[in-house]
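Feature annotations, reproduced from Swiss-Prot:
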- 1-35: signal peptide (SIGNAL)
- 36-149: domain 'Thioredoxin' (DOMAIN)
- Cys71-Cys74: disulfide bond (DISULFID)
- Gly72: site 'Contributes to redox potential value' (SITE)
- His73: site 'Contributes to redox potential value' (SITE)
- Arg135: site 'Lowers pKa of C-terminal Cys of active site' (SITE)
- Asn181: N-linked glycosylation site (CARBOHYD)
- 386-406: transmembrane segment (TRANSMEM)
Amino acid sequence: MAATTTRPLPLLLLLLLPPLLLLLLSFHAAAAAAAEEFPRDGRVIELDESSFEAALGAIDYLFVDFYAPWCGHCKRLAPELDEAAPVLAGLSEPIIVAKVNADKYRKLGSKYGVDGFPTLMLFIHGVPIEYTGSRKADLLVRNLNKFVAPDVSILESDSAIKSFVENAGTSFPMFIGFGVNESLIAGYGGKYKKRAWFAVAKDFSEDFMVTYDFDKVPALVSLHPKYKEQSVFYGPFEGSFLEDFIRQSLLPLTVPINTETLKMLDDDDRKVVLAILEDDSDETSSQLVKVLRSAANANRDLVFGYVGIKQWDEFVETFDISKSSQLPKLIVWDRNEEYEVVEGSEKLEEGDQASQISQFLEGYRAGRTTKKKVSGPSFMGFLNSLVSLNSLYILICVFALLGVMIYFTGQDDTPQVRRAHEE
């Protein structure tokens, strides 16, 4: 039997251990120093090419405004960021707000694809996500808080459920699973992260069954605090049924049509049963909306919306309806260039409007309709017009200004003007 020889590996490790420990300590000290270098007290910090990478390494959630000193939109954004910064820094997952003069540090801006001002990006552990949401301080906080929240929150008590609902606010719908396995909704929590809150309640009292109107588990409760709506899904939790419920519940049962909700419809492929009213804020209209809500709950394959000609006559007139038309009317709109009128159900009369809406839906599903074209722009055209008109005016002014500068100073001396991002 061959004799075994003792290898010097343990001795080598003993010799290497002190320098390895020193190296690790130096890394830790460097990271701590970098973290202390950037204030966490809610101030907006100014970064340059030399400090930017260090900030990415030291700050888990860094919200960066790539700006230009001459940009008017950037100047209007600055006080909103100043207001939002201390609130964001105080979140359970703090977000630090920073700004970079990307007109001066163009190489840094180019690295992250900055081609206009302001460009806003949230860096999550160094990975950039462009932010294109609202720039108002309160909505900015709500939206960014949504970015850093877990895909699905785990709630272990009644107080945790209450805190989750309060902290989520009213900007996004919520889905809370009671007795639902987390794995069933985890994928949807990631897929629809930017559009809704998701949570699973592990432990809860019967009080919440009363509050959210469910009588058995598993149950997935959908909440729309902004519209004071809620609904319950009892399954089945397999196949496409669960995602269909989630996708259809991202919108409230009855959608008030305005510039904000019109954009939300772009992510939904259902047709819209649209009630056109004289004034969507009066008592008669409010009663009709309640009837529409009941119909919407039973017809989830359609979106139910309403709009008042008093509130938005420009939009209503695209359906060949004017202030002299007899209202309310019901149509089915494909969200683009066509809509359908149901024969014999063009106008809702006073009386039993629930029965009239049922007859309207029956006629629509039976194909007793007349198709018409919208008289204005298509859905996408109307959406684009909400933004493009202001952009067009700005571009005209910019080109006019450039023309004057070229005329008086010569083309060679004309400074480069980079594009500004509107909200």
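Each Cβ is built from the backbone N, Cα and C atoms, and glycine gets one as well.
Features recorded in Swiss-Prot, as mapped to the structure shown.
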{"residue": "Cys71", "record": "disulfide bond", "CB count, 10 Å": "19"}
{"residue": "Gly72", "record": "site 'Contributes to redox potential value'", "CB count, 10 Å": "12"}
{"residue": "His73", "record": "site 'Contributes to redox potential value'", "CB count, 10 Å": "17"}
{"residue": "Cys74", "record": "disulfide bond", "CB count, 10 Å": "23"}
{"residue": "Arg135", "record": "site 'Lowers pKa of C-terminal Cys of active site'", "CB count, 10 Å": "21"}
{"residue": "Asn181", "record": "N-linked glycosylation site", "CB count, 10 Å": "11"}
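Straight-line distance linking the Cα atoms of Gly72 (site 'Contributes to redox potential value') and Arg135 (site 'Lowers pKa of C-terminal Cys of active site'), rounded to a whole number, equals 14 Å. Applying DSSP to the domain 'Thioredoxin' (36-149) sorts its residues as follows: 48 helix, 29 strand, 37 coil.
Taking the Cα atom of each, Arg135 (site 'Lowers pKa of C-terminal Cys of active site') and Asn181 (N-linked glycosylation site) are about 36 angstrom apart. Mean pLDDT of the predicted structure over the domain 'Thioredoxin' (36-149): 91. Taking only the Cα positions, the spacing between the residue listed as 'N-linked glycosylation site' and Cys74 (disulfide bond) is 45 angstrom.
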